[in-house]
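Colleague: I have a structure I would like to understand better, so I am pasting it below and will then ask my questions one at a time.
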């Protein structure tokens, strides 16, 4: 019955929306319409300027251009947890036209096939030429966001730009000790030993910490120096696609055994922060400002920022990106990169009165005007077109508050389904980070990422049954080995036997079945 | 008694029957009696209403949702619309070594907590009771209550810093005695002592309030006559104070046993590491990782239901034992 009425609405609206007269070529509807929206994300629990409750300036501009007004109907405003808000929305049974925000991929792909969301494949084909073109120009992405039934149910937030994290080193320490930037893993070892022993901070104490990280998981990036892997995506401990095109887990590979033995050795020798597991997110602040930390693996933009912040406090402070040292097998690899699709974006709920209008509205944000609006805010207010390039006004770039925070208040760069424009970020990237990005661009460092698979019900059941325990076991053993309680080489056979007993093979099997179905 | 040969008056049974009939005639009907009672004591019943509503809304109504422990639950289909699958989730739990380990850890950590944590507030209360200097007593009490009012996140931060191998006070002190510093929070064997110790430090002071109140309720005449009899303070504590507050201690113990599986898991999440899961992972953290983070609400509900059943059995047992041996009980 619902299908029939859906078909009727589609029929009805297509005949209606043949434009009799359109004010702008971007007009989505003849007569202004209102659509309701759920939009929950960490920085705002609702589709409006937080606190003031005013509509976003970007939204007002979009109203003018399209004739569509979005009315906020966000569930779970009192929580900052977007998952929780989504569950609340679905459980309450009454859904707005548009459901968007942070981390919607999993729920949308789970409940879409059950009927909670409208499949977008045909709607996009028929009514959204700009989105269709994006899919055409970026093969593989549409498949990556599809649910197990082969349909996709949301338009994602599509980040732009390649690099995320990079290797950083205290160039001034290298200079003080008369050392060069390490080019391979052996040189890296020598540099770290020198950092540990030769007092590069010159305080007479042996208190330097050669390698540290804000997230303890970053210790695993060192695995790539011995040709093992730590993750296949921008999530820690994720599966990756191996050379034979099969999905496997990095922590079940022989390369991991040998690489981890080396990491454990470095930890035992004091080359890795002894407190890496408990120091937590402030460790970068603390170890850099106390002039103790020598090297890390962290985000380009935020980590470069310390040069400005600490330049006055620490004489000569120079913490810069350097190329990933070549591994034992001779490969330079930067394992982390920006993922091309995010699990954030927006979807059409099964209660949407007019899905065609909604998809046309979604398509607006993929037009040239829509993309500029969603990235830079309202033209003339926050930016101007200079020689065909969008350029932020000086008061935006020189403001005390970061450009992204300003954009969130404008309604730009928020988690609707849109295609990010890297020119937005480049304009306020610090000089040090720009140099680093240019350096990384001179080599082919990045590797393809695993963008996830959609499991069907049976596969999901197998995965849920075994994976959480497997993951727990892997991490337990990993930390134990690094901390030196247990020897990875000696324990390896027991370890792999236990993985098998805990269902590793079953998990790999269902993942690969789903992977085949989705990507081949 | 009826066989007593010297008894001359009417038989006891007859007297009782007579009395009952007399009563029946005087009291109109059961309904009216309740009505009269309500009319007379309505203020008391009015005060009861909010609690009853609270029980119904927050404790009884959610029980409806417990059925998802036996269902393949989907939020979109709802509780009623999800298909039944029997004991599959329980089967999955009991075939999971990590669940069994979490269960064992829960019990061990609770036993530690009970063994070391339960007597502590009683000792504190007894000690405070013996302090004569008023200002000192007040200050000391305030200081031991304080940690209770600090959020767990802060407490965990304090603990992590205190036990840090480089800057922590504990390792600094070990250093004075020439001992190597220990990375406590990654050592499975240290997790339970640190966790239980933190719990005692945080809550013992506040929990002692109940016992202080009980001690304040002991009749002074008992102490006065003890003084007259020449009892020492030590004897008064053992012979008067402790026996007088025994019912309170036992009630607290029964409640504590009922909550035994409710280890304060937010504290564990803040303090544990994969390296210490072996001793630190409890049922609630297991539920959190497996169920809530993984979105398996049905499995989490099954684990929670199991937890509740065990807690119920524990309370019943403790209550029965206490009733039999000390004549104090919750009901």
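The backbone N, Cα and C atoms fix where each Cβ goes, and this holds for glycine too.
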Colleague: Can you check which of B:236-255, B:256-275, B:276-295 TrEMBL lists as transmembrane segment?
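Modeller: Of the candidate stretches, TrEMBL labels B:236-255 as transmembrane segment.
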Colleague: At a C-beta cut-off of under 8 Å, are there same-chain residues at least 6 beyond the transmembrane segment (B:148-174) that contact it? List them, or none.
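Modeller: Same-chain contacts beyond the ends: 180-185, 194, 198, 202-203, 205-206, 264, 266-267, 270-271.
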Colleague: Is the transmembrane segment (B:42-60) in contact with the transmembrane segment (B:107-128), using at least 3 Cβ pairs under 8 Å (sequence separation of 6 or more) as the test?
Modeller: no
Colleague: Same chain only, please: residues at least 6 beyond the ends of the transmembrane segment (B:236-255) with a C-beta under 8 Å from a C-beta of the stretch. Say none if there are none.
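Modeller: Sequence-distant neighbours of the transmembrane segment (B:236-255): 118, 122, 126, 129-130, 210-211, 214-215, 217-218, 222-223, 226, 315, 318-319, 322, 326, 328-330.
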Colleague: Which bits of the chain, at least 6 residues beyond where the transmembrane segment (B:42-60) starts or stops, bring a Cβ under 8 A of a Cβ in it?
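Modeller: Those are none; the list is empty.
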